[in-house]
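Single-structure report; data block below.
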Amino acid sequence: MQPLIFGLFLSMYLVTVLGNLLIILATISDSHLHTPMYFFLSNLSFVDICLTSTTIPKMLVNIQTQSKVITYTGCITQMCFFILFVGLDNFLLTVMAYDRFVAICHPLHYMVIMNPWLCVLLVLMSWILSVLNSLLQSLMVSWLSFCTHVEIPH
């Protein structure tokens, strides 16, 4: 059963990474797609690649080696990056919703409101808020004390 699960998750991971890379390459290569919506979509695709890359490779290694062990530092690091990219995913989806709101409700002012400077600023603020949230959550967990000899099966 393990090889089947390994192959299934590996193929899903590769499809996810390749699909998001194709979205990024398409938006970079086609000048017609150099609009705010596709700028945000490219960033979202990049974050999705990073999000899946924080957990799936470790899970694939665990399936292959039949070992489910992770170090305390590795766990905190993985948790930090997972929180970072989940938060960033949520912020970027919110920014994309605002972009569509402006496009629908203010179509004549869309290009003035959603200028390149604002788009970069919105993505930058999303990154900053996500990093701060992730670091705060990780630091709060790192201050907790855990028993060192307790095994947790899952």
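Positions of Cβ are set from backbone N, Cα and C atoms, glycine also.
Unlike curated entries, TrEMBL annotations are predicted automatically.
The domain 'G-protein coupled receptors family 1 profile' annotation in TrEMBL covers 19-154.
Residues or ranges marked as transmembrane segment by TrEMBL: 7-26 (among others). Away from its own ends, the transmembrane segment (7-26) comes close to residues 33, 41-42, 45-46, 48-49, 52-53, 56-57, 59-60, 63 of its chain (Cβ-Cβ under 8 Å, at least six residues beyond either end).
What TrEMBL lists as transmembrane segment is 38-57 (among others).
Sequence-remote contacts of a segment are chain residues at least 6 beyond its ends whose Cβ falls under 8 Å from one of its Cβ atoms, and for the transmembrane segment (108-132) they are 36, 39-40, 43, 84-85, 87-88, 91-92, 95, 98-99, 102. Sequence annotations record features per position, and here TrEMBL assigns transmembrane segment to 108-132 (among others).
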Helix, strand and coil totals (DSSP H, G, I; E, B; other) for the domain 'G-protein coupled receptors family 1 profile' (19-154):
112 helix, 0 strand, 24 coil
